[in-house]
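Pulled from TrEMBL:
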TRANSMEM  21-41  transmembrane segment
TRANSMEM  78-96  transmembrane segment
DOMAIN    78-413  domain 'Ammonium transporter AmtB-like'
TRANSMEM  103-121  transmembrane segment
TRANSMEM  133-153  transmembrane segment
TRANSMEM  165-184  transmembrane segment
TRANSMEM  196-214  transmembrane segment
TRANSMEM  235-255  transmembrane segment
TRANSMEM  261-282  transmembrane segment
TRANSMEM  294-313  transmembrane segment
TRANSMEM  319-339  transmembrane segment
TRANSMEM  351-369  transmembrane segment
TRANSMEM  375-401  transmembrane segment
Amino acid sequence: MSELSTKKGVKLTPKSNVNKGLLMFLLVLFIGGALVLIPSINHNVAAGISAINLDGESVQANGAQFSTIFDTLKYERSIHILAMLLVGFGFLMVFIRKHGYSSITATFLVVSIAIPMYVIIKSFGGESFSKETINIDTLLFAEFAAASLLIAIGAPLGRLKMDQYIIMGLLFVPTYIFNEWLLLESGMFKGFLDTGGSIVIHAFGAYFGLGVVTNTLSKFKDDDVCEANSNSNQFCLLGSMILWLFWPSFTSAIVAPDRVVLTAINTIFALCGATLATYIFTKMIRGKIQIEDIANAALAGGVAIGSTCDVTTPGYAMLIGIAAGALSVIGYSIIAPKLQNLIKGTDTCGINNLHGMPGILGGIVAIFITGEASIQLLGIAVTLCVAFVGGKITGIVINLFGKKEIPYSDEDEFFVEQ
C-alpha cells in the first residue's frame, strides 16, 4: 500500500516516505546553511548600493562594488534566462501526455538545486565570483549551469523519481564546474572559443545526460509508452517559442557591451535559418510536418551559433542555423533510433539531436574564426569525455535509489485529477 488511512479517513504518508522526506529536507537546510556561512555571499550588499549625485556620478559606499548600468542590463537578461529555464524548458518537456506535472516539477527542482549549488562551489574561487560579494556574473553563470542540467535531464526524463532528479543535480553541478574551469579558467585551453556555450553548456549537458542513460538506467517493458497528444504538443510548441524568443538574451548575457546587439542579431538570424531548414527537411524526410522536429530542431540554430555568436556576421549566422536545423531533423528522424540501439538506452527528449550534435557543429565552426583547430578540437573532446564519464557515474549512483514504478506517468508520485 502506498498510503495509510486513519479512522477519520485522512490519508497519511508511509513512514519510509516521511524518513526520506526528512533526509531531503536536511539536505536543503545544509545547502541553505552553507550559503549563510560563506562570507563572500553574505557581504553587506546594501552597503554597496550607489547613490547617484546631481551630476550623474556614482558614489561608492564602504568600498563595495556598485551596480552600473551594464549590471542592470545583465540583470534584465538574467531574468530572460530564468524565463527560458522555467517556462521555456518546462513547457518544452510536457510533450509526454501523462507526464506534465512531473516534467514541470522536475524543472522547478533542478533549477532550484543548480543555482545555489553552483554559487556555493564557486564561492571558493572562480572568475565569475567576486571576493567581496556575489555579483550578477555569478548569477548568470549559475543560470548557465542550470540550463545545462535541464538539458541533461532530458535524456532520462520520465524514468526518474523526483528525488533522483535532485541527486542528479547534486552530482552534475561539480562535474560541470570542473569542465568549465578546465576549458575557460585554467589557462590550458587558451584560445578556445565558446562565448555562448555551444560546447560548455549544450554539448556538455547532452552527453552527460546520455552517459546517465547508457547501459545504466533501468529499462521498462513499456519504454515506448512515451506518447504525446495534441494538447501536450501545443504546450511543447509554446515552450519552444518562449525559448526562441529569449535565446538572444542567453547568448548575449556575458558578452562585452559593444557586442550585445551584434550577438542578438546573429542569434536571431541563426534561429530563423534553423526554423526554415527544419520545415524543409521535416517535410522532405517524413512527408509531413513532424511536431517533434518543429518544436526542437527549430532551436538548433541557437545552440550552434553559441560558440561564435559575437564574432561572426548575420549572413554566416543564418548559414550556421540552416546547417544546425537540417542536422537536428536528420538526428530526430534517422540517427536517433540507431543511437538508441548503440547506447542501449532511451534519449527521451532527443537531447543529442538538439543540443549534442548542433553544439559540436558550433564548436567546430569556431575553428574558422580562431584558426586554432587543435585547441578547439581538444576542448570539444575533453568536454565530451568529462560529460559522458560524469554522466555514466551519475547513472550508476541514481540506480542505487530504485526506479519509478510507472514510467512516463504522473500517477506514480502525484495526486492526479480524474
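Placed from the backbone N, Cα and C atoms, the Cβ positions cover glycine too.
Outside the transmembrane segment (165-184), and at least 6 residues removed from its termini, the chain residues within Cβ reach (under 8 Å) are 24, 27, 106, 109-110, 113-114, 117-118, 121-122, 126-127, 141, 145, 148-149, 152-153, 156, 192, 194, 199-200, 204, 208, 212, 379, 382-383, 386-387, 390, 393-394, 397-398, 401. For the transmembrane segment (196-214), the residues of the chain that approach it from at least six positions outside its boundaries are 144, 147-156, 168, 172, 175-176, 179-180, 183-184, 250-252, 263, 267, 303-307, 309-310, 343-347, 351-352, 354-356, 358-363, 366, 379-380, 383-384, 386-395, 398, judged by C-beta separation under 8 angstroms.
Under the criterion of 3 or more C-beta pairs below 8 Å, with sequence separation of 6 or more, the transmembrane segment (78-96) and the transmembrane segment (133-153) qualify as touching.
Between the transmembrane segment (351-369) and the transmembrane segment (21-41), the number of CB pairs under 8 angstroms, six or more residues apart, is fewer than three, so the stretches are not in contact. Outside the transmembrane segment (261-282), and at least 6 residues removed from its termini, the chain residues within Cβ reach (under 8 Å) are 195-196, 244, 247-252, 255, 288-290, 293-294, 297-302, 304-305, 308-310, 312-315, 317-326, 328-330, 333.
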